[in-house]
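Feature annotations, reproduced from TrEMBL:
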- C499-C508: disulfide bond (DISULFID)
- C540-C549: disulfide bond (DISULFID)
- C578-C587: disulfide bond (DISULFID)
- C618-C627: disulfide bond (DISULFID)
- C656-C665: disulfide bond (DISULFID)
- C701-C710: disulfide bond (DISULFID)
- C933-C942: disulfide bond (DISULFID)
- C950-C960: disulfide bond (DISULFID)
- C972-C981: disulfide bond (DISULFID)
- C992-C1002: disulfide bond (DISULFID)
- C1014-C1023: disulfide bond (DISULFID)
- 474-509: domain 'EGF-like' (DOMAIN)
- 511-550: domain 'EGF-like' (DOMAIN)
- 552-588: domain 'EGF-like' (DOMAIN)
- 590-628: domain 'EGF-like' (DOMAIN)
- 630-666: domain 'EGF-like' (DOMAIN)
- 675-711: domain 'EGF-like' (DOMAIN)
- 714-908: domain 'Laminin G' (DOMAIN)
- 912-943: domain 'EGF-like' (DOMAIN)
- 946-982: domain 'EGF-like' (DOMAIN)
- 988-1024: domain 'EGF-like' (DOMAIN)
- 1029-1109: domain 'CTCK' (DOMAIN)
Amino acid sequence: KWLADYLQDNPIETSGARCTSPRRLANKRIGQIKSKKFRCSGAEDYRSKLGGDCFADLACPEKCRCEGTTVDCSNQKLTKIPDHIPQYTAELRLNNNEFTVLEATGIFKKLPQLRKINLSNNRITDIEEGTFEGASGVNELILTSNRLENIHHRMLKGLGGLRTLMLRSNRISCVSNSSFVGLSSVRLLSLYDNQITSMNPGAFDTLHSLSTLNLLANPFICNCHLAWLGDWLRRKRIVTGNPRCQNPYFLKEIPIQDVAVQDFACEDGNDENSCSPVLRCPAECSCLDTVVRCSNKGLTSLPKGLPKETTELYLDGNHFTQVPVELSHYKHLTLIDLSNNQISTLSNHSLSNMSELLTLILSYNRLRCIPVRAFDGLKSLRLLSLHGNDISLIPEGAFKDLSSLSHLALGANPLYCDCHMQWLSDWVKSGYKEPGIARCAGPGDMTDKLLLTTPSKKFTCTGPVDLSIQAKCDPCLSNPCKNDGTCANDPVHYYRCTCPYGFKGQNCEEPIHACISNPCQSGGTCHLKEGEGSNFWCVCPEGFEGDTCEINIDDCEDNDCENNSTCVDGINNYTCMCSPEYTGELCEEKLDFCAPELNPCQHDSKCILTPQGYKCECTPGYVGEHCEVDYDDCEENKCQNGGHCIDAVNGYTCICPEGYSGLFCEFSPPMVLPRTSPCDNHECLNAAQCVVMGTDPQCQCLHGYEGEHCETLASVNFVNRESYLQLPSSLLSPETNISLQIATDEDSGVLLYKGDNDHIAMELYRGRLRVGYDTGSYPPSAIYSVETVNDGSFHSVELIAADQSLSLSIDGGPPKSIGSISKRSTLNIDSPLYLGGMPERLSASGGLSALQLSSGGRNGTSFHGCLRNLYINGKLQDLGAGLKPGGLGSGTPQSSKQWLGSGVEPGCQPCLRGACLQGDCHPTGHRGFTCTCHPGWTGALCDQQVSNPCDGNKCIHGTCIPINSYSYSCRCQPGFAGVLCDEQSQDAGSPCSLSHCKHGKCRVSGLGKAYCECNGGYTGEACDREVACRGERIRDVYQRQQGYAACQTQEKVSRLECRGSCPAGAEGQGACCTPLRSKRRKYTFQCTDGSSFVQEVEKIVKCGCTKCSS
């Protein structure tokens, strides 16, 4: 106000400063507000009272009401005292909320004006030490109607100026001589309506100012432990209301101060004392000092009366489903054992108050998920056991507060060790906090790897995490609720489904009654069986049967289709599909295909009837079943010299290239000497193509070949198990250096073999190279490579036999050797060298016997993979020399490829790693390949199983079109429609386009004429007349009486029954609905006496109105 007055007298403010509060003056310019508008209403006077000292008090807390110096936060369901309370507060109302524990937050240190606190009608069970620190100015504290079971001076520490203390209607059972220490100013103390049976001597000695003490409505036991109180009440001049004894019985309702001293006796078992320390241990537990053991007691919640001084608490072997929230109030705990319970989840901050906790054991529970803030505040924790749970992922930062942790037990958990768990591996390695027990359960190649010793770079992400892993922390991700139920996470039950009407169960999988899920098929009606909500029965529509109307009755079981036609079952009817030469409803009419309106023969060909139907004699130049194809005479033309053939009817013409003439272009132009090419005298071998680069010829080699003329085969691919190459023995010398490169993803196979009896062999063994040298002695000598070579990449291999030793080197690494080979054990240079395998005769004759003995009985199968750049003593070898017939044929073939069998292919890359899934791979060109598929397979990679869904298709008037290997669709001919092209369409050119069937479907006869097929109960050309007389198809047994035995057919029979009435005939004569046509069929009858017989039965085929028989 003063500022506004000043600015009006001195208009020096030009920036347009505005008010922000209170709301009535918000956004108004200070210099333009009238002086009378500046007033303080409600608590504004107190909030802005120290404005001159540049201090503005806090606004009224959310959910609270502020009036004067009173802050009213009652009836708001609060569980914590609000953080921001104005400093001017003199009375704080917190009654009628949901407080359970008053925490020491230091809030009262910020309220110097506070005089009264109302905490009545809450659920307070405990008050933390230091809660009222700073509240020395408070003179009235109301704790009426709470759940306090005991009272000690640490609860009320800081209330030195307190005058009134209301503790009525709680559950206090004892008052000790230290309960009210430090409350010397209290004048009124109310302990009315508690459960006090005894009090320690001197309980009120520290209350020097006490003038009123209410002890009424307590169950005092007037024994020797309470004798002091009677004397104290008689001596003190204090208003007490005369508290009365309740026990023993002879003192009931006697005022305590009137009981004689000798009557306060502890005789005949009357020595109960609620203040005895023995009573501080819960009934379910055993206590020793501050150690409480409550193991294997079937507990589901924390036992009542647990001492606040407890340091070790054993709750193992119980039925807890979550960590009790009350544990956070026991700040002196150093050990908690919750092992072997049923805890499935942890909550954030649930243990944050336990600053002294050293050991936390949660092993053998059902933990699936660890929240990132679950262990916040446990800065003193040294041992954490999560062993034997169902934990897969632990979020980064979950252990950030565990600065003192030295031992972490994570064993027997299905840890999912992808990139999200790399941090944990690094964390346990930093101080060896995990002893090397925890193993990974996935993904893939990380299975069974140790968390402690596996390199961090192995923790990688290769794709999305499996849904079952993600659902452990968010179970609703897996959509467990059926039938449109709503899923919500639940800390106890993992998740909870809210079911829609009609369903129940944990996953909403159970219908309330059987009919809710519409179990009756095919339009059937569901009915509940009386008194049985889980059972039902179905009323099926005509044409269906079965418990759930799932069976379409086969009306073709007893059909009347003629002339080898095919019956097609419908719903309560059937259709006859006629062979090509018949037509009619039952295929009873024979067609004349050569009639003008049906003649199928084209291009003036002649139609001839045959016993099988008809045939067409074509005019010259036409072929085909109906002479519809103009024969291509160019298929066998005689055009020469590149002449182009033009087809004509029953002939052709040759169009000659420039310079040629004659009927067949047989006359050549004058001779012209052709130009020569540099490639004419340059030979390219092995199917290579010669191309001219500039003016020089150059050979473009096929894959696997090298050299100026592509004469050397440098790389081959072994694609089956029987293939091998044989190189001549002349390539080797007693001291030999062999080097080559291989690529494979197989675990085993023979790479190199030389010698018959004393031999040297190189093979794959469990992905490593093994070189074995057998001199006939036992055991044979062997070298194993340290490196694995079966990763699909190329690896260089070098084998050196020199100076009576044998050495093996991989990728230029340090060699491994066999030394001190005797002179007689040098390489046998007379025997051939086999690559990639060996002849069957050597395997059969025991050529690998020593190898098999030394390697556990492996077979000598061929190498499966690629081999290239074979050098023997520094010279690149032509692998084509090992591909000739017998391996050592004479002469040099023009192409070594002609010797390649199905097992060895030139080149490496195209066919590496089994490109053809169900077939043999063959390289083509420089980098391509083709697949020869095994029987039953097709596709570019032989990965599609041959299956023709059109075999046995049911397309009537159309062509079968495959959709995939298992299904097809029908492409209908013009004028037809329907899934099976069995319905006449209403196209403009269709005979049905002019026909209107009111109660039926239009069909086309074999003669191409439209007719109406009426629904049951209708007749007339347009199915527009309803008839009373009609044949109703039923399916039932025939019954006969044979003496005293009742007999019936073994199976139900489909037949017609004539039902209905007929109009009167001419001259008033009556007409009856009777069978017009019937057939006789034989059926077997089975009788109740065990006998059976065969009898002919008259079966009605057609009904109609005829003159009634007399």
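Using the three backbone atoms N, Cα and C, a Cβ is placed for every residue, glycine included.
Whatever TrEMBL says is automated annotation, not expert-curated.
Annotated pair C656 (disulfide bond) and C499 (disulfide bond), C-alpha to C-alpha distance, rounded: 84 Å. Counting residue by residue with DSSP, the domain 'CTCK' (1029-1109) contains 3 helix, 56 strand, 22 coil. In this structure, the C-alpha atom of C549 (disulfide bond) lies 46 angstrom from that of C933 (disulfide bond). Its Cβ placed at the centre, C950 (disulfide bond) has 12 other Cβ atoms within 10 Å.
Taking every listed stretch (511-550, 552-588, 1029-1109) in turn, the largest tally of C-beta pairs under 8 A with the domain 'EGF-like' (946-982) is reached by 552-588. Counted over residue pairs separated by six or more positions, the domain 'CTCK' (1029-1109) shares at least 3 Cβ pairs under 8 angstroms with the domain 'EGF-like' (552-588), which defines the two as touching. Taking CA atoms as the reference points, C950 (disulfide bond) and C972 (disulfide bond) are 14 Å apart. Each residue contributes its Cα atom, and for C540 (disulfide bond) and C587 (disulfide bond) those atoms are 31 Å apart.
When the disulfide-bonded residues C578, C587, C665, C942, C972, C1014 are screened for a C-alpha within 10 angstroms of the C-alpha of C960 (disulfide bond), the residues that qualify, in sequence order, are C972. Using CA atoms as reference points, the disulfide-bonded residues C508, C972, C1014 were checked against C618 (disulfide bond), and the closest is C972. Take the CB of C972 (disulfide bond) and look out to 10 A: across all protein chains shown you find 20 other CB atoms. In terms of Cα spacing, the disulfide-bonded residues C499, C508, C578, C942, C972, C1002 that come within 10 Å of C1014 (disulfide bond) are C1002. The number of other Cβ atoms within 10 Å of the Cβ belonging to C618 (disulfide bond), over all protein chains shown, comes to 21.
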